[in-house]
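A.B. asks: The structure that follows is given in the form of structure tokens.
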Amino acid sequence: MVRNPMASAVESTLKTKAQTSNLSFYYGAIQALKNIHLTLAEHRVTALIGPSGCGKTTYLRCFNRMHDLYPGNRYEGQILLYPDEVNIVGPEVDPIEVRMRVSMVFQKPNPFPKSVYENVAYGLRVRGVRNRAELDEKVERALRQAALWEEVKDRLASLAFNLSGGQQQRLCIARALASEPEIILFDEPTSALDPLATLKIEELMGKLKQSITILIVTHNMQQAARISDFTAFMYLGEVIESGQTNQMFDHPTNQLTEQYVAGHFG
């Protein structure tokens, strides 16, 4: 298997935000990920591509320990989160603490059955923020970061379900941003949206990466090429090749990668 590791490129020019080493993951007795090695560059967008069932979402969900919600799942290896080099899949690390540092936005918008305001404030309240002025400030900041404030500032008390699909997804992004995470995980965040809403989300990611590291799963090769700085191609639970996005798409070193980005299978 030929690889083009991102580690050397990232270490020489950029800070590392997360380093995956020898990561394997098991659903019970079934091995879903096999010895994953991947570096996430700080304040950059990394895209995970590959055919359905290759392990992209499984890998993504390791970063915020979502697999811990189901008994029998287990991790081997490590994902070090910098700068403190905490192994966020280590059994000694509290998943709640991990999720405060690593937020996630899902494929379909999933706002809570609450007001626009309370959707964003909910996580802050869970973390112990009670002061109304502080809540107001943090909610507004998150909504502004998600490019949604001007559209909802006069209907913060309205149910989130009254927003359009694209607005709901940006609300979910604001909810993820409210806890001031270091990494945001996006699992095909625009697959259920129309082209205009998709464009807004993509533009938003370009702004967010100035202060946050982003890892995104996408089946859309054009989207990966547009928005990501680095790309990793996965197949059958392994990272086959990874590197700078333009190199991955224009000059892949692995035949499987070349066939996939050319659309010969998927």
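Glycine is treated like the rest: Cβ placed from N, Cα and C.
Annotation comment: Swiss-Prot describes 18-261 as domain 'ABC transporter'. The annotation ATP binding site is assigned in Swiss-Prot to G50, P51, S52, G53, C54, G55, K56, T57 on the grounds of sequence analysis.
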A.B. asks: Helix, strand or coil by DSSP: which one applies to P51 (ATP binding site)?
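C.D. replies: The three-state answer is coil.
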A.B. asks: I'd like the number of other C-beta atoms within 10 A of the C-beta of G53 (ATP binding site), please.
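C.D. replies: So the number of other Cβ atoms within 10 Å of G53 (ATP binding site) is 12.
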A.B. asks: Note down the number of other Cβ atoms within 10 Å of the Cβ of S52 (ATP binding site), including every protein chain shown.
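C.D. replies: S52 (ATP binding site) is surrounded by 8 other Cβ atoms within 10 Å.
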